[in-house]
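Okay, so here's the structure we're looking at.
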Amino acid sequence: MPPMAKRKPAKPTRNRDLEALSAVAGGAGFFLLSPLLLPSAALGEFLREHFYRFLGLPAYLVPFGLFLLAYALYRHHPLKPLLRHLLLAHLLAFALTPLLGPLSGRLGEGWRRALEAQAGTLGLLLPALLASWVLDLWRGKPPFYLVLGLLRLGVEGVRRGRYGVKTLLLKAQIARLARLYPGHTALKALGGSLSPEELPEVEQALRAFLAERAKELEKRLGEEQRPLEPRLQALLEGLKNPVSGTGPLRDALEERRAALLLEAQALRARLKALSTLPRVSPSLWGLLRGRRLLEERRARWEEVFGLLEDLEERFGELSSWLAFLNAHPEAQREALKALLTGSPPPKEAPPPAPEPEPFDLDLVFPEPVREEGPKERTPPAPAALALPPPDLLDPPEPKGASRALEEEAERLKRAIGETLRQFGVQAEVVGHARGPSVTRYELLPAPGEKISRIQSLQNDLARALAVGAVRIEAPIPGKHTVGLEVPNPKREVVRLSEAILSPAFQNAKGLLPLVLGKSIEGEIWVRDLARMPHLLIAGSTGSGKSVAINALIASLLYRHLPTSLRLLLIDPKMVELTPYEGIPHLVRPVVTSPEEAAGVLQGAVAHMERRYRMMSGVGARNLEQYNAKVGPEEALPYLVIVVDELADLMMTAPKEVEAAILRLAQMARATGMHLVL
């Protein structure tokens, strides 16, 4: 019997109804998607306006959901899982519509405005919570599982971040402390790897270490205290009573006592501030600040101790002079010279100057012969005011041998050129100008040569020229050369007579010309005080400030009569400006008392205000206009106020002197009043 042939499996019967539903679903999806892909008429515009723009993102998901449904129907896949996923996806899209911006649609925009109207920005949390709830349903988790998980992750991240930052700061703090205290080797062990469990113990140990070091630093600050208060109090007790009696020596000693008392009171204020011990905070920054305070207070204690010793030494000198004054009150005028020169009080009173013998001569005059008629007596003619002649001054210094000076200049030129060549600098000495104290040599650098290379050779040029120091001016104003200023071996004396006789002073157009000196080019510098309008002279001790003031006063006297210029001189040292006592230019005798000087300056302020009232009465804006309107008979002279040693006045009455000088400096220019300080 022949074997039976295998039967082929029967093809599954297709469900034509499902295929029809698949075609319907696919066609519906294509119909809804066509307005977005193809040109459409009124129907497409209707769909875009009332479907997509109204629903937003959920409307865009509908065509794709229909395509998926059509595919599942065509392939006979189970529909329940697909419908569940499509439903949850559309619910998620609807929940997020208020947060999607351009994809929200009019429905989402209306929902967002309603939420913001009720709860503000916090109202937008509701769509986010609904979206998380839909996602939890989608994943089969309890409601708000996703939100709670995100919160747990956030809290854990913050905890880890805090631990990391705290560990980093703690390690940096331990490393800094290990550098500050290299003897404490345990600090290096603390700076190793730190786990979260070890962190509290390390922090506690570090706090204990910082507290111990802070107490140690406070103890060292207390050990720096010095018992200077009793010594200073004894000094204040000795200075509190004014010097009794009258006379020039007593006045000078009283001024010194008052100045010492002011210094002692200021020193007591500094000592009181130092006596307060600062607290040291038990922290790294507190320890750093405490160590700085320790060094600063140590230096301040040394300074206060030195000032106290200086005050005690000066108080001892004052006490010896007071003892001499009490023993010899009649020898004040003779002893004042020794005091002003810095000499100690004489052991015995100097003999008083002998009084001049009376000039008594017996003269017998013949009886005058009577004349018949009366004879008119003509009074002696008063001497006319005139400027002082230049021959009152020392004559100008004779010029040195010009040939020797030129040879010296040529030698230095060669030395400068040789030094520049040794260092590889291409520059040529093209000229020089000799001034009273320095000679300026002009250097012309080669093209491409940097000026900074010449400036870097400043010390080498000084060594090569065998001088203390040189100055480089790069470039010389108005020229394309570099200036090298070399001190002269012998300074040239510039006499005031040379400046007074110079054309620069004789032809000066300024109202108040001042001779300021002589430039490197040999030009006499003359400047107008009226245009400055005030002058401040500063410099170290012995630099010639008082000499400059005398030259300025003399240049004014050689230009103005007392009718056009008046002077107010204040000299607390009593030695610099007192030679001008008695000249007709003074508005009052030279002021030598610091206490009186404050009142004089306040009187100058009142005089300035009076001048302003006078100028306002005639409608003048400055002194020149006022003098032109009132005529020569009522014209006001210029007033120059000269103050020597302003620092002494500021110590005696700082508020009054500062206020007066400030007001004069601000307003006195228009009234013809000028300050020279």
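Note: Cβ is positioned from N, Cα and C throughout, glycine not excepted.
Listed in TrEMBL for this protein:
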{"type": "TRANSMEM", "residues": "54-74", "note": "transmembrane segment"}
{"type": "TRANSMEM", "residues": "86-105", "note": "transmembrane segment"}
{"type": "REGION", "residues": "341-407", "note": "region 'Disordered'"}
{"type": "COMPBIAS", "residues": "343-356", "note": "compositional bias 'Pro residues'"}
{"type": "COMPBIAS", "residues": "368-378", "note": "compositional bias 'Basic and acidic residues'"}
{"type": "COMPBIAS", "residues": "379-395", "note": "compositional bias 'Pro residues'"}
{"type": "DOMAIN", "residues": "521-677", "note": "domain 'FtsK'"}
{"type": "BINDING", "residues": "Gly539, Ser540, Thr541, Gly542, Ser543, Gly544, Lys545, Ser546", "note": "ATP binding site"}
Near Lys545 (ATP binding site), how many other Cβ atoms are within 10 Å of its Cβ?
15
Can you tell me how many other Cβ atoms are located within 10 Å of the Cβ belonging to Ser540 (ATP binding site)?
7
At a C-beta cut-off of under 8 Å, are there same-chain residues at least 6 beyond the transmembrane segment (86-105) that contact it? List them, or none.
52-62, 65, 68-69, 111-112, 115, 124, 127-128, 130-131, 133-135, 137-138
Restricting to the same chain and to residues at least six past its boundaries, which positions have a Cβ under 8 Å from a Cβ of the transmembrane segment (54-74)?
18-19, 21-23, 25-26, 28-30, 32-33, 82-83, 86, 89-90, 93-94, 96-97, 100, 103-108
What is the Cβ neighbour count of Gly544 (ATP binding site) at a 10 Å cut-off, with all protein chains included?
12
Across all chains shown, how many C-beta atoms besides its own are within 10 angstroms of the C-beta of Thr541 (ATP binding site)?
5
Within 10 Å of the Cβ of Ser543 (ATP binding site), how many other Cβ atoms are there?
11
10 Å Cβ neighbour count around Gly542 (ATP binding site)?
7
Is it possible to get the count of other C-beta atoms within 10 angstroms of the C-beta of Ser546 (ATP binding site)?
18
Tell me the Cβ contacts of Gly539 (ATP binding site) under 8 Å, same chain only and six or more apart in sequence, or just say none.
Lys545
